[in-house]
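Undergrad: This is the structure I have questions about; it appears just below.
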Amino acid sequence: MDPYKNRPSSAFNSPFWTTNSGAPIWNNNSSLTVGSRGPILLEDYHLVEKLANFDRERIPERVVHARGASAKGFFEVTHDISHLTCADFLRAPGVQTPLIVRFSTVIHERGSPETLRDPRGFAVKFYTREGNFDLVGNNFPVFFVRDGLKFPDMVHALKPNPKSHIQENWRILDFFSHHPESLHMFSFLFDDVGIPQDYRHMDGFGVNTYTLINKAGKALYVKFHWKTTSGEKSLLDDEAIRVGGSNHSHATQDLYDSIAAGNYPEWKLYIQTLDPENEDRLDFDPLDVTKTWPEDVLPLQPVGRMVLNKNIDNFFAENEQLAFCPAIIVPGVYYSDDKLLQTRVFSYADTQRHRLGPNYLQLPANAPKCAHHNNHHDGFMNFMHRDEEVNYFPSRYDPVRHAEKVPVPPRILGGKREKCMIEKENNFKQPGERYRSWPSDRQERFVRRWVDALSDPRVTHEIRSIWISYWSQADRSLGQKIASHLNLKPSI
């Protein structure tokens, strides 16, 4: 008997009620009691099983990105970049790869409104012929901090107060007052784009710097960009209040209903590439996740398109159990020394093992569609059917061999072991340029949001002064406007 042909699924349904083990249930309306009013008997195994399963339906929610929605579709290469990467799924125009995408809010809980001012997750899992590739990003091209060592504290500051369970501005502004590199991220979060209209009308970014390697072993730094063909749209503050007040799942519903109606959302994929030999020509570190790469110097190159044309079949199986990790790459794509990426490579898989168990990659949404082979076996909830006798390597009884070697970045590393900051921080230039690119009404809304945040009564004079100093260094007039609204004098 093939156990996979008889696994529980919607395609293999009994016409009558059964227990988990398949025994028929003739009454799913009444418990087994002594007489019509007597006590319930412990031998009512159906009742015990039903309650025990119900008691364990919920799993730990994600620490971040708990609130999300998923959809399935495909990626199609439209432009040849085979000279830049040997990745099989990017080998030629016309090649299609199935995928699943999860959009999410970041900080708030699983049932929170989708209209809160918060970054949005934009995670894509490509099911390629060479294994899965997880491109795990956000709807903003930068991040709050550049070193993953700060990530737990950053999340703690953004999350609700552990005493009151209320998200409070004074905690956020206190923490980030120690991290001026966060200004660029706040220039997105407190901007109009801080609340996307829905998931279909937002762009996505890989955020971190990765590496592309071609067949000759040539390595280039790369940034990934998703551009929605529906146009980027956002909600202003009063619109967000109105939409969230009528439907706290508006973005999830919009995505689901659009796909069900045949209005398939689409994104174009672009890349920016940089030869590592030329990185010193920039006035910032290209591995600094708080920076964007100037498109006039490093132009966007089209790669392909992503179309979401199928809704998920089950929210728990294909959204809650869907797991991403930036460590999951394919030949032709590699990591960089981006300090945030380096820590994400470990942390994402680690949190999935805690949340879903050590065999989470066997779950259908996470498992590769291609053939795979290793000796990782057993452990909690291992449900892969295996019948081999050789579970070690190498062996003369098992013909499995090493795969063909693939190119990796041929970089020579050197230096002392030390904990230090990067040399070219340049924290203020890009947020200032971004602010000056806006029309006056957009600038005024940005100023107002900062004034509201800094008006929290628990924000001290010192913290307000630090933020005014930061924004003054980004743009003198911006700092002056914020200070004027707060009846303070800018320090520079």
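Cβ coordinates are placed from backbone N, Cα and C, and glycine is handled just like the others.
Below are the features I grabbed from Swiss-Prot:
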- His65: active site (ACT_SITE)
- Asn138: active site (ACT_SITE)
- Tyr348: heme binding site (BINDING)
Undergrad: Least buried of the recorded positions His65, Asn138, Tyr348, going by other Cβ atoms within 10 Å?
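TA: Checked His65, Asn138, Tyr348; of these recorded positions, fewest Cβ neighbours within 10 Å: Tyr348.
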Undergrad: Could you give the Cα-Cα distance between Asn138 (active site) and His65 (active site), in whole Å?
TA: 10
Undergrad: According to DSSP, which kind of secondary structure is His65 (active site) found in, if we only use helix, strand and coil?
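TA: His65 (active site) sits in coil per DSSP, no helix or strand.
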Undergrad: I need the CA-to-CA distance for His65 (active site) versus the residue listed as 'heme binding site', whole Å please.
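TA: The separation of the Cα atoms works out to 12 Å.
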